[in-house]
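A.B. asks: Attaching a single structure in structure tokens format; questions to follow.
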Amino acid sequence: LKMSTILETSELPAVFDGVKLAAVAAVLYVIVRCLNLKSPTAPPELIYQDSALARFLIKSCPLLTKDGHIQTALYGKMGRVRSPHPNGHRKYLTMPDGATATFDLFEPRSEHCTGEDVTMVICPGIANHSEKQYIRTFVDYAQKNGYRCAVLNHLGALPNIELTSPRMFTYGCTWEFGAMVNYIKKTYPQTQLIVVGFSLGGNIVCKYLGESQANQERVLCCVSLCQGYSALRAQETFMQWDHCRRFYNFLMADNMKKIILSHRQVLFGDNMKKPQNLSEADLGKLYTATSLMQIDDNVMRKFHGYSSLKEYYEEESCLPYLHRIHVPLLLVNAADDPLIHESLLSIPRALSEKKENVMHVLPLHGGHLGFFEGSVLFPEPLTWMDKLVVQYANAICQWEKTKPHCSDAEQAVSGQE
């Protein structure tokens, strides 16, 4: 019997209510105890090129090589029941096509360890926003460590914000994220940026950075968590049943349908500005869709005029842009992620073996945005993932302050040798 990690269900619709979820948790706990099942623990696999930066990060960021007791069943929802509620201010940005982008801004609650002004610009997972529990937990922790946080709300994801143009977020559109970053750069001219992307957000932030060298200005580093890197390569695996991947696909598709249908008047109504290839027939196909690929083919790709699903996935994936990122890049996946097939992990592995600025961290357990620690029935809301991102960001900030000195010291040692 092998138990797979359930994904962080802040990316899924609510399937059970709290009582049913607790009952299932209790049953699973009894099964685990009765069968004496224990998940193996081991340090995360760490792939990188040896360099002064890599050695500094490993020394300064113990979580890169330390695996805690990470839950491997069920707690995608239960692990977040005690999430904090950080207070932020919602900002509204009008896009060139009339769309209204929104993001929430959270000020730091303490001084940063370096004394510098540092802002985390955060892109959540598919159909997510700043009010999701995993985002609230991370933002609260980052604020306490001296970071300002700006969290993008994906276009169309917030239930109380109407669309102002016939377009929603897509797999790799970077327009709204770029607008948020530009606002932060202009409003806080002294701040430096830490870029963070969760799942689909990881694809967006990596694509954004790779699209232009100017996008990497004032960026200290980027952290991508649990993304799949290539939608084209992932689409076939997403229809497979191992690790219940097809079931998760169905649930996420159901959630996407609900979001799209909540905006159907703007997207499918009598609007002269709507995409010409988006029709009432597509609305009918949407009702019967059972996978994200069907929704992407019938609706999502048409927001930007892609002629086929293949073209949409090729153009919106970050894969062609990864090698253009020159700031430190941390790519985090879990070996038991039920959404990301193991074949996709060859992408970050190959990149980290070629580029000195890239590290790939691969723990045995963590699921999809899970990484919970603590007791079996009551894991901690703050996860290994949350702590790793902040610890890595702290180390990068320290490196930026000390690297001239470190470089001089290394050159002196090399000269003596």
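Positions of Cβ are set from backbone N, Cα and C atoms, glycine also.
As annotated in TrEMBL:
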type     : residues : note
ACT_SITE : S199     : active site, charge relay system
ACT_SITE : D337     : active site, charge relay system
ACT_SITE : H368     : active site, charge relay system
DOMAIN   : 119-374  : domain 'AB hydrolase-1'
A.B. asks: Provide, as an integer number of angstrom, the distance between the C-alpha atoms of D337 (active site, charge relay system) and S199 (active site, charge relay system).
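C.D. replies: About 11 Å separate the Cα atoms of these two residues.
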A.B. asks: Using Cα coordinates, what distance in whole Å links H368 (active site, charge relay system) and S199 (active site, charge relay system)?
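C.D. replies: Per the Cα atoms, H368 (active site, charge relay system) and S199 (active site, charge relay system) stand 8 Å apart.
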A.B. asks: How many other Cβ atoms sit within 10 Å of the Cβ of H368 (active site, charge relay system)?
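C.D. replies: There are 28 of them.
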